[in-house]
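For reference, the structure is listed below as C-alpha cells.
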C-alpha cells in the first residue's frame, strides 16, 4: 500500500470523544509514522483515568481499519499541576492604547502577511499604528515593509523605523541576514520585552505584535507580563492546522485573553474547513476566509502595499 499520512490517522480518530466532550484529536500530538507503523501521544490531563483504556482500545480498533497499517503505539502524557502563584502586576506599554497579538498554532500559515495586512488596514482607516515582529523563528516584517535600515537609538530609547505610515520594530533588525537565531526561552522573552518597552512609540492607537508560531515561552511571557487587548488567530483549512490552533485557543482562554477572531488563510488551497469549524465550536468570530492570491505573495516580495490587493473588515472586531 502507499505510505500512510497523518491526515489518514486524524480522519480515523475524528469522531472519538471523551465523556467530558473533549475530542481525541484535540489532545493528540507527536504523530510519528515509520514503515506504516504509527505512534502518537495523548494528553490525558484532567481526563477520567477510567476512560483512558477504553479510548485507547477504540482508537486502536479504528486505526486497524486502515489497510496495511502496522504496529500502533500510543503513549499517554499528563501535564503537571502547577500551583497558582499570586499574579504579578502587568505592564502597560508607554504611548500605546491597544495591543493586539497575531498568532498561529503552527508556522507556514501566512501569519506575518496577515499581521502586516491588519496593520496597513488600520493605518488606512486613520489609526496610528505600530507593528512588532516578535517571530524569532523567521522575522519577515522588515522585508514585507521594505526596510533595510537599522533603528536609531536616542537617549537609550529605540526609535522605530517608519514605513507605509506605520512604526515598525523587529528582531530582524538586530540579526544579520540568513543568520540562525539560537536563543533559549528566557533570552528570547527578554528581547521581546526590550523591543516593547525600550522602543519610543509615538502615541499609537494600535500596536500589532506578530508572534512566533505555537504556544511557547514568549507567548506565556507576553500573557503574564503585559496588558493585552486581544489576539487574532491565523489558520489554514487543514485538520492538522486545526489541531495546533486548538492548543492556542486553550492557552488564550485559560489566561483570559479575548480571542478577537479567526482568519483562515489559503482557504481554497487545502481540503477542510478549519476556520469555520473552530468558529462554530468555540463561538469565536470568523473574520475572513482568504484564498490564495498570487499578487499578495508578489506584493510581500516587492514590499508593496497589501491593502491595494485585499482589504479586511475589522471595525466590528477591534
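For all residues, glycine too, the Cβ spot is worked out from N, Cα and C.
Per Swiss-Prot, these features apply:
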- 105, 106, 107, 108, 109, 110, 111, 112: ATP binding site (BINDING)
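A helical conformation is recorded for residue 111 (ATP binding site) in the three-state DSSP classification. Other than the site residues 105, 106, 107, 108, 109, 110, 111, 112, same-chain residues with C-beta atoms no more than 8 angstroms from the centre of those residues' C-beta atoms, the ATP site, are 104, 213, 234, 236, 265. Comparing the binding-site residues 106, 111 by how many other C-beta atoms lie within 10 angstroms of each C-beta, the top residue is 111.
Neighbour counts of Cβ atoms within 10 Å were compared for the binding-site residues 105, 107, 108, and the top value is held by 105. The DSSP secondary structure for residue 105 (ATP binding site) is coil. For residue 112 (ATP binding site), the same-chain residues lying six or more positions away in sequence with a CB closer than 8 A to its CB are 133, 135, 138, 140, 141, 144, 210.
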